[in-house]
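Engineer: From Swiss-Prot, for reference:
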type: BINDING; residues: Lys56, Lys269; note: fatty acid 16:0 binding site
type: MOD_RES; residues: Cys254; note: cysteine sulfenic acid (-SOH)
type: REPEAT; residues: 11-102; note: repeat 'Solcar 1'
type: REPEAT; residues: 111-201; note: repeat 'Solcar 2'
type: REPEAT; residues: 210-295; note: repeat 'Solcar 3'
type: TOPO_DOM; residues: 1-10; note: topological domain 'Mitochondrial intermembrane'
type: TOPO_DOM; residues: 33-73; note: topological domain 'Mitochondrial matrix'
type: TOPO_DOM; residues: 97-116; note: topological domain 'Mitochondrial intermembrane'
type: TOPO_DOM; residues: 134-178; note: topological domain 'Mitochondrial matrix'
type: TOPO_DOM; residues: 196-212; note: topological domain 'Mitochondrial intermembrane'
type: TOPO_DOM; residues: 233-266; note: topological domain 'Mitochondrial matrix'
type: TOPO_DOM; residues: 290-307; note: topological domain 'Mitochondrial intermembrane'
type: TRANSMEM; residues: 11-32; note: transmembrane segment
type: TRANSMEM; residues: 74-96; note: transmembrane segment
type: TRANSMEM; residues: 117-133; note: transmembrane segment
type: TRANSMEM; residues: 179-195; note: transmembrane segment
type: TRANSMEM; residues: 213-232; note: transmembrane segment
type: TRANSMEM; residues: 267-289; note: transmembrane segment
Amino acid sequence: MGGLTASDVHPTLGVQLFSAGIAACLADVITFPLDTAKVRLQVQGECPTSSVIRYKGVLGTITAVVKTEGRMKLYSGLPAGLQRQISSASLRIGLYDTVQEFLTAGKETAPSLGSKILAGLTTGGVAVFIGQPTEVVKVRLQAQSHLHGIKPRYTGTYNAYRIIATTEGLTGLWKGTTPNLMRSVIINCTELVTYDLMKEAFVKNNILADDVPCHLVSALIAGFCATAMSSPVDVVKTRFINSPPGQYKSVPNCAMKVFTNEGPTAFFKGLVPSFLRLGSWNVIMFVCFEQLKRELSKSRQTMDCAT
């Protein structure tokens, strides 16, 4: 097709932030049941004496939740999840190119691997501090079960914000920031840098054009790498965030208890749904992100030319 291509039009910061937020929200809506299954598998084993149903695998978990708690339970915490994407994903993804440009300002060469990694670390860290309260609420709503007469801790998203702030203080909304920071910078670096490098390699070597198939394959590879790298930290983060006050003394204490009580394999609980979720999330998000950036930039340039 003729006309402008992605390389012809450089998206503005506003276009990148908006495109990242919308693409991340769309990906979250589609993959949220997989995320809920991942959370349920990760917190399973915290209370060995509990009579709550045991989950087995991704499909087994999803089936069990639907059968015992209803389909909508798979989307418990979705409003907080969307708030998280708008507040954090838009920043960690939308600011990535801008931070790279800042780090390489005045240099005629392309961004180095070091600058890509530093950009991923920076945007991932900023996003965590801003979006942590939404992560806490999302995880707790996903983890709570209504089985066997267990009274849920929270009745909804805003009820969860209020109760956590009231009973645990405002710091309760930032509980688990340390493991989430570790997880997010690992995922952000691995995800964005791998995607960037794979896309560049495919295009530079004329394997794939800078279009949907290239974005799809690059995103899938990035999702696999990010999942494998972040799984242990992700399990600790989920356990620590979901725990009531006093269950764990600290993040290292949480990690030690997981290791002592359940063994090293517990750090990879929910690995399959994590990959299914992050892999599919990456594909949807990156493909939509690239297309939105391209179309919005072309529309903006067309409007500028018309005026």
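Count begins at 1; order follows the chain as displayed.
Cβ atoms here come from the backbone N, Cα and C positions, even for glycine.
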Engineer: Just to verify: the residue among Lys56, Lys269 with the fewest other Cβ atoms within 10 Å, which of the binding-site residues is it?
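Structural biologist: Relative to the other binding-site residues in Lys56, Lys269, Lys56 has the fewest Cβ atoms within 10 Å.
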Engineer: With Cβ-Cβ distances below 8 Å as the criterion, list the same-chain residues six or more beyond the ends of the transmembrane segment (74-96) that contact it, or say none.
Structural biologist: 13, 16-21, 23-25, 27-29, 32-33, 35-37, 62, 65-66, 119-120, 122-124, 126-128, 130-131, 134-135, 137-142, 144, 157, 160, 184, 188, 192, 285, 289
Engineer: So which residues does the transmembrane segment (267-289) touch in its own chain, when a touch means Cβ under 8 Å and the partner is 6 or more beyond its ends?
Structural biologist: 19-20, 22-24, 26-28, 30-31, 34-35, 37-39, 41-42, 44-45, 57-58, 61, 89, 93, 187, 191, 195, 212, 215-216, 218-220, 222-224, 226-228, 231-232, 234-236, 258-259
Engineer: Give residue numbers and ranges for long-range contacts of the transmembrane segment (11-32): same chain, 6 or more residues beyond its ends, CB-CB under 8 A.
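Structural biologist: That would be 74-75, 77-78, 81-82, 84-86, 89-91, 93-95, 97-98, 277, 280-282, 284-286, 288-289, 292-294, 296-297, 300.
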Engineer: Quick one: give me the count of other CB atoms within 10 A of the CB of Cys254 (cysteine sulfenic acid (-SOH)).
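Structural biologist: Cβ-Cβ neighbours of Cys254 (cysteine sulfenic acid (-SOH)) within 10 Å number 23.
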Engineer: Do you know offhand how many angstrom separate Lys56 (fatty acid 16:0 binding site) and Cys254 (cysteine sulfenic acid (-SOH)) by C-alpha?
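Structural biologist: So the alpha carbons of Lys56 (fatty acid 16:0 binding site) and Cys254 (cysteine sulfenic acid (-SOH)) sit roughly 23 Å from each other.
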Engineer: May I ask for the residues of the chain that lie six or more residues beyond the topological domain 'Mitochondrial matrix' (33-73) and have a Cβ under 8 Å from a Cβ within it?
Structural biologist: 81, 139, 142-143, 145-148, 150, 234-235, 238-239, 242-243, 247, 261-262, 266, 269-270, 272-274, 276-277, 280
